[in-house]
Amino acid sequence: MQTSFVALLAVAASLASALPHGGNSYEASLPEPTNLPEPTKLPEPVEGPYKPKPPILPEPIKDNYKPKTPILPEHVEGPYKPKLPEPTTGDPKNNTLPVPTCVDGKIKTHKVKSGESLTTIAEKYDTGICNIAKLNNLADPNFVDLNQDLQIPTDACEKDNTSCIKPDGTATCVKDGKKDGKDIYSVVSGDTLTSIAQALQITLQSLKDANPGVVPEHLNVGQKLNVPVC
């Protein structure tokens, strides 16, 4: 019996030596304490009922307040004229606009037909009577021959209808009693009473008076007309 008790004491001693810290197994298994954060302080309670702050209102308008009158542009009488930009300074050559150029048309050949005159031919080719007369060296633009070939400067930039035309006559009769040795005029192709009167340097009315019954719009080639002489 004594031997069993001694054996138990020996086992207990061996177990105690195997444990840390003198055999206190409970203390060895606990973790070390950690630092906890301090609790936040709550705001102190407000004594009495809650009173919100009053809103900030704009200042009241004074009794003598007068709003500013807007400044309007002065009324301009008459039509509206927009302001144009002033011309730039510097070299005047840089301020000039390009001048459009005009180029005359080609020269075409035209054979004179019955009833045509330089006036009708010039209108057909958009040119001037004197442009045609000068190119063809015509002494009198009022006279062209039937089937005559004319060089026509078409689409003339500067149409000349006056420099080669004789002024209207002011006399009522042909002096010396004759015109080229005759007092009878024979109508040629392209003639009109006006062109004949200009060639004779007499008024159109005096030529009409000398040829009663003649229709100016229907002259025939070879028709004889009386020339008033004095």
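Think of each number as a place in line: the chain as shown, counted from 1.
Glycine residues also receive a Cβ, built from the backbone N, Cα and C atoms like all the rest.
According to Swiss-Prot, the protein has these features:
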type	residues	note
DOMAIN	108-152	domain 'LysM 1'
DOMAIN	183-227	domain 'LysM 2'
REPEAT	30-33	repeat '1-1'
REPEAT	57-60	repeat '1-4'
REPEAT	65-68	repeat '3-2'
REPEAT	80-83	repeat '3-3'
SIGNAL	1-18	signal peptide
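Sequence-distant contacts of the domain 'LysM 2' (183-227), counting only residues of its own chain at least 6 positions beyond either end whose CB sits under 8 Å from a CB of the stretch, comprise 112, 114-118, 140, 142-146, 165-174, 177.
With DSSP states grouped into helix (H, G, I), strand (E, B) and coil, the domain 'LysM 1' (108-152) comes out at 14 helix, 8 strand, 23 coil.
Shown for the domain 'LysM 2' (183-227): DSSP residue counts in helix, strand and coil, namely 15 helix, 7 strand, 23 coil.
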